[in-house]
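*Asks:* Supplied in structure tokens, the structure appears directly below.
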Amino acid sequence: MAPAIRLSPAARSLFDEPLAIAVQGLGPRQQVTLQTSLRDETGELFQASAHYQAGDDGELDLARCPALPGGSFSGLDPMGLLWALQPQKPFWRLVKRDVQSPFLLQLEVLEGHGERPGRLLAQAQHERAFLRDGVRRVPVREGRIRATLFLPPGEDTFPGIIDIHGLGGGLFEPRASLLANHGFATLALAYYQFEDLPQEPKELHLEYFEEAVNYMLQHPQVKGPGVGLLGFSKGGEVSLAMAAFLKNIMAVASLNAPVAATCIPFSYKDKIIPTVTLYEHKAKATNSKFLDYSDVIDDPFQAPGNQSLIPLEKAEAQFLFIVGQDDRVVKSEYYATEVCKLLQAQRKENFQILSYPGTGHCIDPPFSPLYSIGSHPVFHKRAVLGGELRAYSKAQVHAWAQIQAFFKKYL
């Protein structure tokens, strides 16, 4: 029997779903290298490989056989060949621009464990999709709002979430599309550098975000009485400001976000929240020649009555702070801890912190490749973002399940 790759699901799975990989028809205890690759929409190649040895029966099941040393990872990890994918172009991030088309994953089984790939024994293709059958993608251009709404299948009402991305502008849809697969009506909201939105905003007007909240609550398929917010980095900071000033925000999940205004001030009606100062000279060079910017933001907790701190004590929402202990862009664990102390002092218990060791600034949905060194969101120089491969891969799986459980509970 010729070697063959067996996948479950066979042809297509969702990007955040586990994929079972096995090889049958090998020789007893045969040594092979498994290799995965995919190209992003710009054509950049991501690859991972691992060394394995088949069982006495010639079967190789990644759920039972550990990877041997020498590949992209080692040890027992059925999804290692996906989360260990790394770009061939250094410092490149895997981003899905068009969620309506899947990533195409190539799998190959090669003979032996040599430096150079051995003979090709088997190959397979598999689609990693962002939209479950029946999920609707609805472009939204209502009033000032520039967004995309993802609706789960069916005619029911669903808990509503607004998903807000970090600095960099544009409209970012992957996370919102994946949440819709799990039963949430999710609005991916752009807020600058998209279509007719400001290119370089001098202020972020919370009235714009309020319009998005009202749009969601007026939608016939969004279950009220309020919405949830999911924000990453600057988007998390925006979400916290919305919870402090706007009505109808029930739950906020904040991923590695500052708790004070950074880079762009907020305004709401006649109130302005000024930004904390950034000290670029406090960036440190690491032994890898990349800059570590973790100390450049002025500490908003050191100055009593700091005007830049977001007044979270005013918020009625529940908060879930998700922080990477190795975040080198924002001191997110410190911020979350300090802001929760302030809430506690006000006798509030509307918060929880999930803190992940070995996890950097980028916390993405499960099985996303690690992006630990890349362009700094403010200074646009090559910077350490933080994170270690295996710790991060575990954190993203755990955090994703916790985010969904949190929204199910409070929405």
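Keep in mind that glycine also has a Cβ here, set from the backbone N, Cα and C atoms.
From TrEMBL, for reference:
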DOMAIN    205-411  domain 'BAAT/Acyl-CoA thioester hydrolase C-terminal'
ACT_SITE  S233  active site, charge relay system
ACT_SITE  D327  active site, charge relay system
ACT_SITE  H361  active site, charge relay system
*Asks:* Quick one: Cα separation, H361 (active site, charge relay system) versus D327 (active site, charge relay system), in Å?
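*Replies:* Roughly 4 Å, rounded to the nearest whole number.
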*Asks:* Which number gives the other C-beta atoms within 10 angstroms of the C-beta of D327 (active site, charge relay system), all protein chains shown included?
*Replies:* 25
*Asks:* Within 10 angstroms of the C-beta of H361 (active site, charge relay system), what count of other C-beta atoms is obtained when all protein chains are considered?
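*Replies:* 29, counting other Cβ atoms within 10 Å of H361 (active site, charge relay system).
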*Asks:* Under 8 Å Cβ-Cβ from S233 (active site, charge relay system), six or more apart in the same chain: what's there?
*Replies:* H165, G166, L167, L255, N256, A257, P258, V329, V330, H361, P377
